[in-house]
Amino acid sequence: MGNITTGLVYLSPAKTFWHIVKRGSTEEFDSLPYVVKLLNGYMWVYYGIVKPNSILVATINGFGAVLELVYVIIFLFLAPPRMRALTAILFVVLDVVFPIAAVLITQLSFDREMQINIAGFLSLLFSIATYGSPLSIMKLVVTTKSVKYMPFLLSFILFINGLTWTVYAVLTKDWFIGIPNGSGFAFGTAQLVLYAIYWKPNQSKGTSDQNVEEGWQHEPLIPDSGTSAEKNESCRSSAEA
């Protein structure tokens, strides 16, 4: 169940990137979330490999890493020049140099138990870092009193995904998996509560499938308190056009 729901989360940007390919430009989209998610996928694959009986963790995140790599490559080809250059730098540093260095150092310098702990800690750290986007969109929902850019389906999948992996973590006594997914479960629950509070029947008519990913990926990885709701709405409107 965790593999299925995690796979759906990794696949959620696919429709948006198909539109990007057809438009020939990433426009206002930010590559940083995808670069970090790719690194996060790498770390979970490494963790699943070094820890015994964790093949499920390695396989699904290997699948996710392939998808995130495709998304990053699209940025490298279709992003505006400045974003393309930034993406290339981030990709080399975070998705090439860092994971290679982390694997080599842990493999050559530490025993298996320490390798597991380091890989687990890095995976936990980067998983928590990716929660910036959900926090930002939740703030936007409260500010605008609208769930237009927080689609129910994605929030529900994140809720189920967090719950499933939290149960898995409890059963296997794995706090590296439990902490980030427990946080994800809490965020998913909070999103569903916000959806129940602010949903209005006419909003569902104006929310397209494309908004599933566009609603999140215009948000910075770490929320910027100086960004107003009106500015966020303007960015999204230009992207949809």
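Note: Cβ is positioned from N, Cα and C throughout, glycine not excepted.
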Quiz item: In TrEMBL, which of the ranges 6-27, 116-137 has the transmembrane segment annotation?
Solution: 116-137
Self-check item: Residues from the same chain, set at least six apart from the ends of the transmembrane segment (55-78), whose C-beta lies under 8 A from its own
Solution: 2-3, 6-7, 9-11, 13-14, 17, 20-21, 24-26, 29, 31, 34-35, 37-38, 40-42, 44-45, 47-49, 84, 87-88, 91, 95, 177
Quiz item: By a Cβ-Cβ criterion of under 8 Å, what residues six or more beyond either terminus of the transmembrane segment (177-198) are in contact with it?
Solution: 57, 123-124, 127-128, 131, 134-135, 138, 141-142, 145-147, 150, 152, 155-156, 158-163, 165-166, 168-170
